[in-house]
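K.L.:
A single structure is presented below for examination.
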Amino acid sequence: MTTSHMNGHVTEESDSEVKNVDLASPEEHQKHREMAVDCPGDLGTRMMPIRRSAQLERIRQQQEDMRRRREEEGKKQELDLNSSMRLKKLAQIPPKTGIDNPMFDTEEGIVLESPHYAVKILEIEDLFSSLKHIQHTLIDSQSQEDISLLLQLVQNKGFQNAFKIHNAITVHMNKASPPFPLISNAQDLAQEVQTVLKPVHHKEGQELTALLNTPHIQALLLAHDKVAEQEMQLEPITDERVYESIGQYGGETVKIVRIEKARDIPLGATVRNEMDSVIISRIVKGGAAEKSGLLHEGDEVLEINGIEIRGKDVNEVFDLLADMHGTLTFVLIPSQQIKPPPAKETVIHVKAHFDYDPSDDPYVPCRELGLSFQKGDILHVISQEDPNWWQAYREGDEDNQPLAGLVPGKSFQQQREAMKQTIEEDKEPEKSGKLWCAKKNKKKRKKVLYNANKNDDYDNEEILTYEEMSLYHQPANRKRPIILIGPQNCGQNELRQRLMNKEKDRFASAVPHTTRSRRDQEVAGRDYHFVSRQAFEADIAAGKFIEHGEFEKNLYGTSIDSVRQVINSGKICLLSLRTQSLKTLRNSDLKPYIIFIAPPSQERLRALLAKEGKNPKPEELREIIEKTREMEQNNGHYFDTAIVNSDLDKAYQELLRLINKLDTEPQWVPSTWLR
C-alpha cells in the first residue's frame, strides 16, 4: 500500500509561546511525503515524483564529484601498493600445489564444514580442570589469588547456569540453515510421472502410480509446494553476501537487521526520500517492524535482501516490498538522533466529537494509514509519541485492523479548528438569522493565535475534539437516570409516560420544585416541593437546579437532589429535558444516560402526527427537521445513543432494550466521572 505524506506541521517553540498551524498550500506539502510500505488492503495510491530544484541538483552533482574523487584516490593508492618492492618479491614465490586424494569422496556422507561453524563447545568441567592446571603452574601469590577468585566464580551456581545458556545459544547459532527447496511444483512433477508410467505394465511402475494417487502423498506434495512457494519467493541472503555488500559503505556505521514477517502481518513502517536517501519516517503499532523493535525512525535504508535502496524513489521501494515476506534482511545506517528509550505507553480511550476522513485531510502524514471515524466513535489510542498524530484503533475493529491508524492529536486538531474559525470569521459577513440560529451580539475580542495551554475555556466551549472515556457498570442498587432529549412532537414525552405507566415499580420521575401555592389534593414531597421564591432563587444561584423556568409568575424546576432521591430509592429516574440542561446534568455526579429521540423523514413524521389527530403545516415539519439537525450539531457530544422514532411501538421496545443493557453490559462514560 502506498501512502503519501503532506507534512503540514505544527511548530512548538516553547510551552509559553503561541503554537502555529502551517496551513500551506497542497503544492507545498507535496515536497514532504511519506510512504507506508507493505500495509494491508488495496489502498495504494502512487505518489507523483518530486521535481528537484536546481539547488538540489547542484548538491547531488557535488556529491557525485566527491565520490569520483574518492574512487580515483583509492585507485592511486592501490597502484602505489602494487608497485612496492615487498609485493614484487612475494609475487615471485611459486604458488603451492595441492594433492589430489582419490580416496576422498564427499558423496559418501562426509560433509565439509565451514570454519565459520567449526566452534568447539567447552564444558564447565573442562574450564574447571584448565583453571586447576593453571593454578599448579603459576606460583606467585598474585596469580594464585586471581585463580582462586576464578575458581570461586566457576563454582557459583548462577555462573554455571549462564554458562549453560551460552553453550545452548552457541549450538543453536551454529546449526546449519534449513534446506532450500529445489522446486515448488512437486504436484505437477508427480502428474508428469504418472503420464509417463501409463503405457508401462511393469509391476514397479504400477505400484508407483498407485502410491502417487494416495490421498496422503497428494496432501504431502500439496503442503510441500505451498511451503516451497513461500520460501522460493525470497532468495536466501547468506552472511557472506551481506558482509560483502557492507564493504561498499566503508567509513559509515552500518547495522544489519533481520525481521521475520508473515504474509498476513504488514511491516508497518513509512519511508520518505531525503535527496538520494530512503529514510524510515514512522514505525506503526501492530506491524512486524514495531514488534521486532529493530527498525527506528530516522534509520537510512541501504539494502533490503541484497537489493540496493539508496537512490530509489519511495514508489520503487513500495513496489519492491509489496509481496515480500519471510526473512527480510535490512542494511541500515542508524539514526544519529539519540532518543530516550520509549516509556511504556498507557492506552487511553477517547470518544470522538467530530467526523474525520483522512482522504480529505491534506495534512495527514500517511493518508492511507489515516483512520476514519465518525462523531461518537470510541477510539483506543495506543501511542501519543507524535503529539500531532496519534496512533489508534477504532472500537470493534481491533481484530480486523492489524495496523494502528493515524488520527489527529487533540492539540493539533484544536489549533487548526481555531485557525479555521478565525479565517471564516474574517471572510464571512454576518448572516441573517435562520430558523435554527438566533442572532448573537458578537463581542469584540483581540484576535490571537490559539494556545492550548492558555485557552481551556475556549477548548471546552467552542472546539470539541476528544473526551477521555472509561468503562462503567452501574451498581444494581444505584441506577443511572435516563434522559430523553428531542424536538417537540418526536415522541419523547409519550415514550417516557409509557415506561412510567407500564413499570411503576421500576421507573419514577423526579419531584419538581415550585414557588406557587399548594392546591387541594396535592401532597408536598409527592407532587411538588413547595418553596419560597427567595429559597428557589438562592438554589438557582447555587447551581442546584438541572433546569428551571417561569410560568404565570411562578417558578418551576427540577433539582439535582430530587433526581438523587429517586436514585437512592433504587428506581430508575426518567426525565425529559431541554438541551440547555445537559451541561449542568453532565457536570453533576448523577452519571446520566442520555438518549436522543430523533424524528423520521418528513413524510413519515407527517403520517405519525396524523395518527394523533395533528395536521402540521409543511413549514412546521421543516422546522422540526432543522431543529433536530441543530440539536445534533450543538449537543450531539452529550448523547450516548439515538433512536429514530419511525414507529412508537418499535421505538418503545428499542428504548427498553437500551435501558436493560445498562444492567448487563458496561458502558463508556467520561473518565472524570470515575475520579
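Using N, Cα and C of the backbone, Cβ positions are placed for all residues, glycine too.
Annotated ATP binding site per Swiss-Prot: Gly486, Pro487, Gln488, Asn489, Cys490, Gly491, Gln492, Asn493, in sequence order, evidence recorded as sequence analysis. Taken from Swiss-Prot, the feature compositional bias 'Basic and acidic residues' applies to 10-34, 54-78. Swiss-Prot lists 179-235 with the feature domain 'L27 2'. Residues or ranges marked as domain 'SH3' in Swiss-Prot: 345-417. Here Swiss-Prot flags 479-660 as domain 'Guanylate kinase-like', drawing on sequence analysis. Annotation source Swiss-Prot lists phosphoserine at Ser14, Ser25, Ser83, Ser84. As annotated by Swiss-Prot, region 'Disordered' applies to 1-34, 51-78. The region 'Interaction with PARD6B' feature in Swiss-Prot is assigned to 21-140; the stated evidence is similarity to another entry. According to Swiss-Prot, the feature region 'Interaction with LIN7C' maps to 181-243, an assignment based on similarity to another entry.
Context for these features, please: burial, neighbours, distances.
P.N.:
For Gly486 (ATP binding site), the Cβ neighbour count at a 10 Å cut-off comes to 24, with all displayed protein chains included. Gly486 (ATP binding site) falls outside any helix or strand according to DSSP and counts as coil.
For the domain 'L27 2' (179-235), the DSSP counts in helix, strand and coil order read 40 helix, 0 strand, 17 coil.
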K.L.:
Would you list the other residues of this chain near ATP - those whose C-beta lies within 8 angstroms of the C-beta centroid of Gly486, Pro487, Gln488, Asn489, Cys490, Gly491, Gln492, Asn493 - in sequence order?
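P.N.:
Leaving out the recorded residues gives Ile597, Pro599, Asn645.
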K.L.:
Neighbour count, 10 Å Cβ-Cβ cut-off, for Gln488 (ATP binding site): what number do you get?
P.N.:
11
K.L.:
Please identify which of Asn489, Asn493 has the densest Cβ environment, defined as other Cβ atoms within 10 Å, among these binding-site residues.
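P.N.:
The most densely surrounded of these binding-site residues is Asn489.
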K.L.:
Count the Cβ atoms, other than its own, that fall within 10 Å of the Cβ of Gly491 (ATP binding site), considering every protein chain shown.
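P.N.:
Gly491 (ATP binding site): 25 neighbouring Cβ atoms within 10 Å.
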K.L.:
So what pLDDT does the region 'Interaction with PARD6B' (21-140) average out to?
P.N.:
58
K.L.:
If you skip the near sequence neighbours and keep only those at least six away, which residues in the chain come within under 8 angstroms of Gln492 (ATP binding site), Cβ to Cβ?
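P.N.:
Looking at Cβ-Cβ distances below 8 Å from Gln492 (ATP binding site), excluding near sequence neighbours, one finds Leu484, Ile485, Gly486, Ser576, Ile597.
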K.L.:
Tell me the coarse DSSP state (helix, strand, coil) of Asn493 (ATP binding site).
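P.N.:
It is helical.
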